[in-house]
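Reviewing the structure listed below.
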Amino acid sequence: MENKNNVTEFILHGLTQDKTVAKVFFSLLLVCYATIILGNLLIIITVKTSEQLNSPMYFFLRYLSFVDISYSTVTAPKLIYDLLVEKKTISFVGCIAQLFVGHFFGCTEIFLLTMMAYDRCIAICKPLHYTNIVNKHVCGWLVAASWVGGFVHSVVQTLLVIQLPFCGPNEIDHYFCDVHPLLKLACADTYIIGVIVAANSGVISLSCFVVLVVSYAVILVSLRTRSSEGRLKALYTCTSHITVVVLFFGPCIFIYMRPSTTFSADKMASVFYTIITPMLNPLIYTLRNEDVKNAMKKLWSRKVKRSEK
């Protein structure tokens, strides 16, 4: 089969074709994106400058916030701009770049959330050995492994798509370039590649989700021997992470744990893991965490004192 490519750009259908609805989405998503940037930057600065937030949990949280900013930036600015224009286009090179970077940060976030569950499991189940098991050296290696895993996954996904022939049509029924919509446009039989994509993306999402479920099952079992106060404190800490995991992994498994098919619900499901979850992460981790809130108050009070001098 000759690898023939006559497509130089793709036309995106976006979230909606209704101009009135598009204006509403524009306002909402602009607020969401601003919240993502400001909220996650606030967490990064707070964790970086606070002496209290020096545990591995906050080390992982800082990197999660950075990934959230990067991941949402891959799709949100383009989506927000396209809601105001008639013709939504993206070059072939830009489309492939968006595919690569999106899967890179998305997969890295999956691994980071899994590492955070491991951290909570050790902290609650083996508190006396926690500092020895999850030390700074181990945390560094776990974060590095998350970045490498995301990179390898993204390279595989991109190579599967870029070698396909695209001879038209060039209209993508989505608001960003993803694997399934692109496979649908390829001028070739993509069944085998679709299976590989499902195995690559879907298995990573599902296997990490299983690890997360097992981790929290172990935590729940270990809490039976704790006092009611200790049990509530541990559950309070884990609830934030469980909420993020459900919001992020649910849509990912729905989209990627299936053959190369597209559904109308894919767009809204994608909004959850590309915009809604990165926006909610700062709120979930700060509103339910007294240590982070106290650190933010101290940071704010220091800035006020400096401005008064």
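Numbers here mean position along the shown chain, with the first residue as 1.
Note: Cβ is positioned from N, Cα and C throughout, glycine not excepted.
These come from TrEMBL:
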- 24-47: transmembrane segment (TRANSMEM)
- 39-285: domain 'G-protein coupled receptors family 1 profile' (DOMAIN)
- 59-76: transmembrane segment (TRANSMEM)
- 96-118: transmembrane segment (TRANSMEM)
- 138-156: transmembrane segment (TRANSMEM)
- 191-222: transmembrane segment (TRANSMEM)
- 234-256: transmembrane segment (TRANSMEM)
- 268-287: transmembrane segment (TRANSMEM)
Spatial neighbours of the transmembrane segment (96-118) far in sequence, C-beta under 8 Å, 6+ residues away: 57, 60-61, 63-64, 67-68, 70-71, 74-75, 78, 90, 142-143, 145-147, 149-151, 153-155, 157-158, 161-162, 176-179, 182, 201, 204-205, 208, 211-212, 215-216, 241, 244-245, 248-249, 252, 273-274
Same-chain residues at least 6 beyond the ends of the transmembrane segment (24-47) whose Cβ lies under 8 Å from its Cβ atoms: 15-16, 53, 58-59, 61-62, 65-66, 68-69, 72, 76-77, 79-80, 83-84, 275-276, 278-279, 281-283, 285-286, 292, 295-296, 299
Long-range environment of the transmembrane segment (138-156) - Cβ separation under 8 angstroms, sequence gap at least 6: 56, 59-60, 63, 100-101, 103-112, 115, 118, 196, 200-201, 204
Long-range environment of the transmembrane segment (59-76) - Cβ separation under 8 angstroms, sequence gap at least 6: 29, 32-33, 36-37, 40-41, 43-44, 47-48, 98, 101-102, 105-106, 108-109, 112-113, 115-116, 119, 136, 139, 142-143, 146, 175-176, 274-275, 277-279, 281-282, 285
Segment-level pLDDT (mean, integer) for the domain 'G-protein coupled receptors family 1 profile' (39-285): 87
